[in-house]
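Encoded as C-alpha cells, the structure appears first; notes follow it.
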C-alpha cells in the first residue's frame with residue numbers, strides 16, 4: 001500500500017494537492033465546467049494497444065503465479081502436521097490474503113483492460129462514463145450502476161494491510177523464540193495466535209473501508225494509469241471534500257507497522273549476532289564454560305528458530321522492497337510529477353509481492369520443501385490395490 005500525493009486538476013485549471021494513501025486518486029482526473037468527472041489524460045505510450053496487450057499478458061501470468069503458488073503453500077501447511085504451529089497459522093493467513101489478490105484483484109484488472117481493447121465503448125460503470133457515481137453524485141443526480149471497484153478496491157487494500165500486519169505478527173513470534181526461548185510455548189499459543197489473526201483481518205478491512213464508512217465524499221474508480229481501482233474524491237464545485245484527510249489513516253498504519261517490524265528485526269538479529277559470537281568464542285576456548293556455558297546454554301535459541309527468524313527477515317525485506325517504488329512515487333507527486341507509467345510499475349510491483357512468499361519458503365524452509373515433495377509424490381503414488 002502506499003501514501004500518495006497525486007495532483008488533481010480542478011475546474012479553472014487550478015491544481016490542488018491532496019494527501020492520500022494506499023490507492024491513488026486518478027492522477028490526471030479532471031472536472032469540466034459543469035462539474036462532471038472526466039477520464040484521466042492517457043498518452044498512447046500508456047494506454048496504446050501494444051501497451052495494454054503487454055500489460056494483460058503480465059497480469060495473466062502474475063495471477064497464475066499468485067494462485068498456484070499460494071494454493072501449494074496452503075496445501076502443504078494444511079496437510080503437514082509439523083506446520084500446525086503458531087508460525088504455520090500466520091503463514092496460512094498470509095497465503096490466503098495473497099491468494100485473494102490473485103483471485104479477485106488481478107483478474108478484474110485483466111477483464112477491464114480486455115474490455116477496453118475489444119469494445120468500442122468502456123463498461124457502463126467505468127469512471128469516464130457520464131453515469132458514473134462520481135459524475136452523478138457531484139451533480140446531485142441519481143447514482144448510476146453499481147461500481148465493481150467498490151468491492152475490488154477494499155479487497156486489495158484490506159489484503160495488503162493483512163499482509164503487513166501478518167508479517168509484523170510473524171516477526172513478534174520469532175522475536176519471542178529468539179529472546180525468551182524458555183517462555184516461547186507459554187507466551188505464543190495457538191489460541192492467542194488465531195485470535196490475533198482474526199483481529200488483524202477485521203482491523204485491516206475496517207481500515208480499508210474507513211473512507212466509505214466514515215465519509216460519504218469518496219468513491220472507487222478504475223484508474224487508467226495504475227490499472228487498479230483507486231479511491232477518488234467527489235468534487236463539489238471543483239473543491240476537495242473537507243474530510244479528505246481521513247485517508248491519512250492508510251500511511252499511518254503502513255509506516256507504523258513497517259517501522260515496528262524493522263525495529264523488532266533489529267533487536268532479534270542483534271541477539272542472534274551476540275549469540276553467534278559467544279558460540280564462536282566458546283568453540284575457540286576464548287570464553288570459559290563458567291562465563292558462557294552451564295545454565296546459560298539452556299536459554300539459547302534453537303537453530304531452527306534462528307533460521308526461521310532469518311526467513312521472516314527476508315520476507316520483511318521483500319515486502320519493503322516492493323513497497324519502495326510507492327514511496328518514490330509519493331516523493332514525485334509531492335514535487336508535482338504525475339508519472340502515469342511509473343504508477344503502473346509501482347503498484348504492480350507491490351501486487352507481485354503476493355507470489356514471492358512461496359519462492360522464499362522454497363529456498364529457506366526445508367520443511368516446506370519436504371512437504372511439497374511429499375505432496376507431489378503422493379499424487380503420483382498408485383492406489384494400494386495396484387501395488388504388487
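The backbone N, Cα and C atoms fix where each Cβ goes, glycine too.
What you are looking at is a predicted structure, and each value in this text was computed from that prediction instead of being measured.
The transmembrane segment annotation in TrEMBL covers 54-77, 89-110, 151-172, 193-214, 246-272, 312-336, 342-363. Among the features that TrEMBL reports, domain 'G-protein coupled receptors family 1 profile' is placed at 69-361.
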Same-chain residues near the transmembrane segment (89-110), Cβ under 8 Å, at least 6 residues beyond its ends: 56, 59-60, 62-67, 70-71, 73-74, 77-78, 83, 148, 151-152, 155-156, 159-160, 162-163, 166-167, 169-170, 173, 190, 193-194, 197, 200-201, 227-229, 351, 354-355, 357-358, 361
Integer mean pLDDT for the domain 'G-protein coupled receptors family 1 profile' (69-361): 79
